[in-house]
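Here's what TrEMBL has on this protein:
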{"type": "REGION", "residues": "1-37", "note": "region 'Disordered'"}
{"type": "REGION", "residues": "65-88", "note": "region 'Disordered'"}
{"type": "COMPBIAS", "residues": "76-88", "note": "compositional bias 'Basic and acidic residues'"}
{"type": "DOMAIN", "residues": "102-506", "note": "domain 'Major facilitator superfamily (MFS) profile'"}
{"type": "TRANSMEM", "residues": "140-161", "note": "transmembrane segment"}
{"type": "TRANSMEM", "residues": "168-188", "note": "transmembrane segment"}
{"type": "TRANSMEM", "residues": "194-216", "note": "transmembrane segment"}
{"type": "TRANSMEM", "residues": "228-250", "note": "transmembrane segment"}
{"type": "TRANSMEM", "residues": "262-282", "note": "transmembrane segment"}
{"type": "TRANSMEM", "residues": "329-356", "note": "transmembrane segment"}
{"type": "TRANSMEM", "residues": "368-385", "note": "transmembrane segment"}
{"type": "TRANSMEM", "residues": "397-416", "note": "transmembrane segment"}
{"type": "TRANSMEM", "residues": "422-443", "note": "transmembrane segment"}
{"type": "TRANSMEM", "residues": "486-505", "note": "transmembrane segment"}
Amino acid sequence: MSVDHQDVSPPLPSSSCSSRATVTSHDPVGYDLRHTNERYRAEHDRISFESYGMLSPLLSGPPHAIHNGGNGNGIERQDSEISSFDNEKEAQRINRKMDRYLLPLLSLLYLFNGLDRGNIGNAQTQGFTDDIGALPDDLNLAVSLFFVTFVLFQMPSAAVGQWLGPSTWLPIMMLCWGTMTMIQAFIWGKAALITTRLLIGVFEAGFYPTCIIYLGSFYSRFDLATRIGLFYGQYAIASAFSGGLSYAIFQISQAWLKPWQLLFLIEGVLTCILGIVAWLWLPTRPMGAWFLSHDERQFVADRVNGVESGDVAYSSLTRRDFIETLRDWKLWFVLVFNICASVPVTAFSVFLPLIVQGMGHEAVEANLMSVPPAVCGAVGLYLFASSSDRHKERGWHIVGALVVALGGLVGLIGSVSSAAKYAALCVFLFGSYVPPPLTVAWLSGNTPTAGKRALVVGANGLGNLAGAIGSQLYRAEYAPGYKLPLVVTLGFVGVALTGFVAYRYTLRAVNARRAAIRKLKSAEQIETERVDTARYADRKWVFVYDL
């Protein structure tokens, strides 16, 4: 297939690009550049790999990670390589097939990631710190320090996942933190408590960004937020499931172990079993997806990569990817506000049973009563995420969720009766779980190169610094009402709300400035900018940011 100046990319399935972007000398800017971002992302992945192919020794991978077709420049392909799925109905059918085979297991894995992170809060309702010879405030310190290693190791762990491949790295991480969870059942003293939490933080750190990278290798950009929402929603479900599971385990009568020891052992064993299942079940990449036909695999790879590659390059990290990630203004701009928005989620994932207990419920009952608010969080996340994908919009959905959370928080602080507080808690969590996953979908969609995208998603994990803040807010001295911590949380949510509004308007202003630049350029200049490597990824003025 030959390619002339008028059309510089091969035909794509309609699901990934609803309109072909054609550049002509008569109309250099009369096309929707937003629809060209998928093509641009894939083409730039090839260019950046060829131009900056000297990889870090740590991250160097097998030579088959990038495959160029046709004449070697990644633009020309053989017709036989192009997927035959050319309508939205077929694309959605394949999406549903992947939803059946990938999402349930990945969601279950992330549920146990949340369980093993937050079960220490359930254990505390059964006198965990008293039994191990520690103080209640030692629990807050241990939770804070967990987030230190959890945050510090996010980017390195995501890079390892990019190198080894998610289907290998995810099971390894699960086996490691599942083992540490079981060891936690037999610790004694403050030092052992802190050590185990630090190590669990190390092993859990890369799980979420690696899963996002993995999902991004199967789903197109505006199919992704709904899936991330369903996936991240397991963090909320984990709080609900943890409450119900803890309630059931705490009913078991036996003389050998404390209830909290049994909790850690059961959840740790289940995590290790699931890690082995994941090792056997998850395909390495789209072209190795055993549940898809050959044509379906090719379609998925074409849709994500857009051009030449028949597979996803997990090892294509370059030095320039690292440099450009460090200087990516939009990442560091939004990260501050993502931290603020994440304070409620990270704090309540651990301390929700204690907050519910403070409303007048007994210790065991509090675990059960923490289920409905957590379910509300999962439902809210799914509704906002699916709407975000349907309308192809991120910013106002995040802002809307923060408004809901703000309203619930005001009700939680101002209410007098336990019933009103409990209802306000449900409203608060309905909006609280939305911003973090939509932020990562937003950043991922606005980062067109695969290597940098992995690093940006990993760096966004710094938002989990909110956990260190939240764990110090909800201290035992503020029980049972936790009024001061809730007021401080209100301030964080308010700052996040303001920041996300400013972030969206900033991206809009950048788009307007780039549109003005394009109006002054010829078709040849636009095409040169698209394929040239002087400006990298989304720094090019042909790239249009999603809002």
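Just so you know, glycine gets a Cβ as well, placed from its N, Cα and C.
By the Cβ criterion (distance under 8 Å, sequence gap of 6 or more), the transmembrane segment (368-385) is not counted as touching the transmembrane segment (486-505), fewer than 3 such pairs being found. Residues 102, 105-106, 108-109, 112, 115-116, 119, 122-123, 126, 166-168, 170-175, 177-185, 214, 245-246, 249-250, 252, 254 of the same chain, all 6+ positions outside the transmembrane segment (262-282), place their C-beta atoms under 8 angstroms from a C-beta of that stretch.
Between the transmembrane segment (228-250) and the stretches 140-161, 194-216, 329-356, 397-416, 486-505, Cβ pairs under 8 Å are most numerous for 329-356.
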